[in-house]
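> Can you read through this structure? Questions will come right after.
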Amino acid sequence: MIESLSLIDAVMPDVVASRQQQAHSVKNPVVKTETNNSNGEENSTNNFSANHTENMEVNGGVEIPSRRSTILRGHESEVFICAWNPTKDLLASGSGDSTARIWNMSDNIGAGPNQLVLKHCIQKGGTEVPSNKDVTSLDWNSDGTFLATGSYDGYARIWTTDGRLASTLGQHKGPIFALKWNKKGNYILSAGVDKTTIIWDASTGQCTQQFAFHSAPALDVDWQTNTSFASCSTDQCIHVCKLGMDKPTKTFTGHTNEVNAIKWDPQGSLLASCSDDMTLKIWSMKQDTCVHDLQAHNKEIYTIKWSPTGPGTNNPNMNLILASASFDSTVRLWEVERGVCLFTLTKHTEPVYSVAFSPDGKYLASGSFDKCVHIWSTQSGSLIHSYKGTGGIFEVCWNSRGDKVGASASDGSVFVLDLRKS
């Protein structure tokens, strides 16, 4: 059953069109998750320009001109994920075409961005053949020397910045849904459909410890320290685990549907979780019940991000905030101390799959299946910039300098928005 599922089917169970059809028409993938939305595809362009006029008058949101965008073509299927290298202007992307790619977006590369193609292959009868499985997750280590990828073929892989496969990590029995380097860069953590999470030794590629505490697929993981982490699952539970311990150090229960994502705040003291039960919950190691149960979205919450602000960050004088992105087509910004919603960002017209804070915490980028990337002020909640791409947006991310936003889309495109003053 799982074998025939791809990431897009798992994430978007309502997609009706067959994968075969999609493979033949990457230009027109099915991106609708709801049929009751009055914004038909045919009028979405007009809709955007109408909104755009309104933005100019009301919020001052300026459409990013095409000369400030670079469209990166090469992937042959949906691009689920993208991530900037923390030290160089290299953008990594991962796709349903069983490749990851590294795009060099430095200003000094002359003719334009070149791409390294990281082919995900498996051994069959002594030869290497393409896995034909989606690349579901990717993460750079903190000094930007290695890229880890997770795939639907059940393997995690470590690559060098020049696209060489350094090691293959094989222990999961089935697709990998998430993987993360720890800050120190000596361990990689992965979450699998096999209900387990694994800590890998990055230097040897060996499994250091496998944790089998969930009773259903593990969907996300996040490091708290270099040796402790949290995991969440479709079993509605969250476990906090530590290397060397054979039981969770803490288990949080309270969600009433699958838990899609978890994130520790910058200090590792509060854990945020979001779920198909439409709630966002904040947990602390000091208590068993949630600190806040934030109920405002009226559809599933797909992802959450903490701002890089407050104590222990590069922006200590700014308040810590949390962003949540939902299938109700809104993004909400929360002040966590009091558990209040500061702003509801309502320009998107389709499910929002991704949000990302700029490194200085002043801006939030959001990407939706309405094909738009919006950039908002976190201080005022107003729309600053907008850009409409050619496919539904799965992921948005900022480079380390905070002057470029990368995005990846359902039509196989990846694009970069240059936000420097021209």
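Quick reminder: no glycine exception, Cβ is built from N, Cα and C everywhere.
Note that the structure is a prediction, hence the values are computed from the model and not measured.
Among the features that TrEMBL reports, region 'Disordered' is placed at 30-53. The compositional bias 'Low complexity' annotation in TrEMBL covers 33-49. What TrEMBL records for 72-106, 135-159, 169-210, 252-293, 294-344, 345-386 is repeat 'WD'.
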> With helix taken as DSSP H, G or I, strand as E or B and everything else coil, how many residues of the repeat 'WD' (72-106) land in each class?
0 helix, 19 strand, 16 coil
> Count, for each of 72-106, 135-159, 252-293, the Cβ pairs lying under 8 Å from the repeat 'WD' (169-210), and report the range with the highest count.
135-159
> Which value does the mean pLDDT take for the repeat 'WD' (72-106) in this predicted structure?
95
